[in-house]
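Copied from Swiss-Prot, the annotated features are:
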BINDING   Gly77, Phe82, Ala128, Glu129, Arg147  S-adenosyl-L-methionine binding site
REGION    216-239  region 'Disordered'
Amino acid sequence: MNIEQFTAALEEKGITLSPVQLEQFETYFRMLVEWNEKMNLTSITEKEEVYLKHFYDSISASFFIDFHKVTTICDIGAGAGFPSIPLKICFPHLHVTIVDSLQKRITFLNELAKGLNLQDTTFYHDRAETFGQRKEKRESYDLVTARAVARLSVLSELCLPLVKKEGLFVALKASAADEEMQAGKKAVTVLGGEVVEKHSFVLPLEESERNIIVIEKKKQTPKKYPRKPGTPNKSPIEG
């Protein structure tokens, strides 16, 4: 996906990028590739692939959710900033918090935020399990997202405690979303959520399947969740 295709594809979805925003994406690409040489941020470094599989894919959540109605967003395990930084570029009013367990990725994100001149972005070097137990962070975000490879049952335990009541947890998944939703049903309910929508679509050009699972927070998450680091992954809430 070259820049013209990227711009046109977003235009079709009602997102018009200014010259400043296009420049931010260019800088993002440049910094990603530079920093990737000293640390492992991504295996995707070819420009057209980055624009499709990282930038466009990250922004796809906004095709189904109105981000103009969202103010605070928390991204769990964002790695090199996906999906929240591309969303922040498109929707500059967002207040973005990223939590990642690797200090070197946080170092990159801090430099990236400076390079892109982003306001209202905060990065925490922490495990999602311990971050989710911080009193001032629990139930405090309009929207929590993850584009991670962990199963939905695991992601729900890491993300739902941070979502405010009536807020959303949005999981960006590749294929196999139906099986994950089935296995994750119990976790979603126990943690106070309810699956309200699932959107399936194909990425343009390469036509690989993508799914966006939208979970609404209906009631408070019990205090014991998330459990201690490593536990959600070792023994997910499934049954």
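Just so you know, glycine gets a Cβ as well, placed from its N, Cα and C.
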Cβ atoms near Ala128 (S-adenosyl-L-methionine binding site) (within 10 Å, other residues, all chains): 28
Annotated S-adenosyl-L-methionine contacts Gly77, Phe82, Ala128, Glu129, Arg147, maximal Cα-Cα distance (Å, integer): 19
Neighbouring C-beta atoms (10 Å sphere around the C-beta of Arg147 (S-adenosyl-L-methionine binding site)): 23
Where Ala128 (S-adenosyl-L-methionine binding site) sits in the secondary structure, as DSSP reduces it to three classes: helix
Coarse DSSP state, helix versus strand versus coil, of Arg147 (S-adenosyl-L-methionine binding site): coil
Neighbouring C-beta atoms (10 Å sphere around the C-beta of Phe82 (S-adenosyl-L-methionine binding site)): 25
